[in-house]
């Protein structure tokens, strides 16, 4: 705005020159009056050329050169209508011919469409007061950091340049009007001076009247110019007041913005605490899941150990059964041989009719042996059926073991994935906490810097107000202060723009962090749902296997139902053996021992030895 100060200085110099010229004209008028008194006997006629109406000089209007488009999405500025004269000069307004000492009345001035500081379109001064661009436009230029003033968008520069060009055109038009008026006054003064030389031969009285009217017109013009000067000063005062009001509004808006940022920071802190609580809950859930997984692994190990024990016992029982089968075969062979021998003996005895008490006793003993053989065959059949059942149970246990191993493998994979996800979540949470700490530090630093700059600007405002109140008398100093205010406002506006850009970047970072947190939450929810589904599947498989096992037992029990008490007792013993593995082992050991004892008794007590013992007795 240095050109505005130059323009004001030029206007002041023109006004001073005008005052000097009017003083010189008055002095020349006094000299001419004295000469007229000396030559009063001459009759002079006024020159008709003085009273002729002067044709006004046409004003060449300057057109505003269009600003080149700095970017592709440039919006064309508003076209300014041809500038017309707003304030007609008092000389032109009072240039009606003065005939016979009578001045014609002034015609009413037409309202022109020329743009001035008082008559301006909406795009010039104070047009963005209520809009959003008021915070970052031409009037928002305070309270920011003095760094990175180069970060300004092309839209704002084009907007400012257009407004400045319009203001320049207006001020140039006013300056041209003032120059034309001053040129008219100078031309009139020159003509009056030339007329004084020519009118030595003319009528003194008419010349005196015409010069007096011209002096009156010059005085009126001088008064009009002084009034215009006062109006310009008043406009300058109004502009200063508006600038002060805008500065106060900017201070209030800046404080409001700082308060909003503090509220957002508090909200972000609350969100961070909520996320930390959520992370703690998820860690607790993962720990619980790990404990349940460890319990399942321990149960699986116990089941594997029991399965191995059962397999070992089954192998032993199989070996014992094979041995018993072999003994049974040998016993069959021996019994058959003994039976053949006894049959032969019986036949020989029957043929010889040598039946005595010993032979009767042997026959009874043989029948008892046959009964025992039948009972042993029945017991052996039961043992074989129980062996088949044991094999089926072992097959079911093996299938369960395979299914449990698959479930455990799936659970281990899920646990690995959950641990990896937990590690990722912990790393991301650590990164987020670090970023949040840095963001808090940066926000605290920016708030402190903003508060310091706000204090500095308030102190500067107080100093400027004091200086403006003390230096309002001199126009040049006031213009210099206004120029300093405008430059300071531009610097402050650039600072505010830089701060807004940094705030937008921080907001973008916060949004990205929130998006990462949301993705982590979604991943954790998915893992929880997957883990719950795996647990439900495992429970369903376990319950299904138990129900199937019980149903199979019931089906088998239905097949073995009979009316005898021995069958019911054996069925109950079988159920107890299925339910209690210790009782099963005890029964198995008892049966094996009983069979061994029976076989030892049968094999040790042969009929030959018994007969010899009886004979000896």
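A Cβ is built for glycine as well, from the same backbone N, Cα and C atoms used for every other residue.
Residues annotated as region 'Disordered' in TrEMBL: 43-100, 443-474. Taken from TrEMBL, the feature compositional bias 'Basic residues' covers 52-62. Here TrEMBL flags 161-299, 510-537 as coiled coil. According to TrEMBL, the feature compositional bias 'Polar residues' maps to 443-452. Annotation source TrEMBL lists compositional bias 'Basic and acidic residues' at 453-466. The annotation transmembrane segment is assigned in TrEMBL to 582-603.
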(message) Can you break down the compositional bias 'Polar residues' (443-452) into helix, strand and coil residue counts using DSSP?
(response) 10 helix, 0 strand, 0 coil
(request) Calculate the per-residue pLDDT averaged over the coiled coil (510-537) and state the result as an integer. (result) 74
(message) Quick check on the compositional bias 'Basic and acidic residues' (453-466): DSSP residue counts for helix, strand, coil, in that order please.
(response) 14 helix, 0 strand, 0 coil
